[in-house]
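Novice: A single structure is presented below for examination.
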Amino acid sequence: MRNQYQIKALFITHNSEFYGANKSMLQLIIELRDNYNINPIVILPKGGSQSLTKELIKHDIYFLVENFLLWIYEDYNPLKEFVKNSLNKIYFYQIYKTIKDLEIDLIHTNTSVTNLGGFLSSKLKIPHIWHIREFGKEDYNIQFSCGFDKASKFMNDHANKIICISKALSKKYLNSSINPNKIKVIYNGLLVPDLNTISIEKFKDLSIINICLIGYLSSEKGQIDLIKAINQLIKDDDTLKNKLKVHFLGEGKENYIRELRELIKNNGLEEIFKFHGFVENVNLFLSRMHIGVVTSKAEAFGRVTIEYMLNRLIVIASDSGANKEIIRNGENGFIYQNQNILDLVDILKKVLKFDGDHFISTTDKSSKFAKDNFSSEKNSTLIYQIYKEVLSE
């Protein structure tokens, strides 16, 4: 390290989109730079919308767009994986040549799905922080090309510290060949708004209840369960057809979106459901919402759960993954049994009976809980401590 006041950190991410993992990374970078004098560089792959690059430019963060491929697959093809691995050997070395004279002090990989950071840290002989933000097969239907056992061994051999974003996620890696002393649980952090500015006006008129679900539209995220639950609700009480509006935020897999739309159409629910695609100002959108739902089959952390809480939505989430670490059932939100439609229906019925005061008292608790436990300031402080630790080894 050149001096004690500045660390030059290379951040590696797996795509160019501006969704959960990259939103968390960007906020972390901004706070590390502004509060701890970290000098950041970001490497991201070519392709995609490059919406992340627009944010990096906006915040004056230096970045490199490079060729490299991920060490994961959805549908295994041995020839394809052989070609990917062969190309990556070339790509990784080209990236090494590009950055080797930049005097980087440490590498921070923002995801489990690329091993580029492990390669570069070995070549440069500098510390590597590996930030794991996803289960893999359970939440995105992806698996390591070399298998979980070999991948975890590579992580153990090529990372000084491994950050998991929840206890639920850490359990998966504690049951691998990774040295448990290397694993640290640090929850994601969000930029906390002034809670006094979050209006409660929306709770004064509950003639229309706005329900939303944020996230990539895929079978792993379980949006279809919410459609089935709303359909059952209306079968049980036809008057709700004029009371409920359900909003899906996010892009997704075309086949799955087609399946969702067909289910909505076949049950005559077109006036209730709306697909918004990518929404740039999520907080503004959430200011008009009353209930936020998380239907994921395996939630590694639950960034959207915290967004719901901070924006005063009552949260209803499945009992999968880290949801139970965030939600105190019946106190700051509600938990239902994962993929149990009738259980979800029962909780929706319960919440839909709340008056404005009940909405306000529940969201008072949840917004304060989110602010106290999941701020980006707390997240960046803990990660900076890890930087200092590995650089002093």
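Backbone N, Cα and C atoms are what each Cβ position is placed from, and that goes for glycine too.
Got these off TrEMBL a minute ago, pasting:
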DOMAIN    82-189  domain 'Glycosyltransferase subfamily 4-like N-terminal'
DOMAIN    211-353  domain 'Glycosyl transferase family 1'
Novice: How does the domain 'Glycosyl transferase family 1' (211-353) divide up by DSSP, counting helix, then strand, then coil residues?
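Specialist: Going by DSSP assignments, the domain 'Glycosyl transferase family 1' (211-353) contains 61 helix, 32 strand, 50 coil.
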Novice: Please count the residues of the domain 'Glycosyltransferase subfamily 4-like N-terminal' (82-189) that DSSP assigns to helix (H, G, I), strand (E, B) and coil.
Specialist: 52 helix, 18 strand, 38 coil
Novice: I'd like to know the mean pLDDT over the domain 'Glycosyl transferase family 1' (211-353).
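Specialist: Overall, the domain 'Glycosyl transferase family 1' (211-353) comes to a mean pLDDT of 95.
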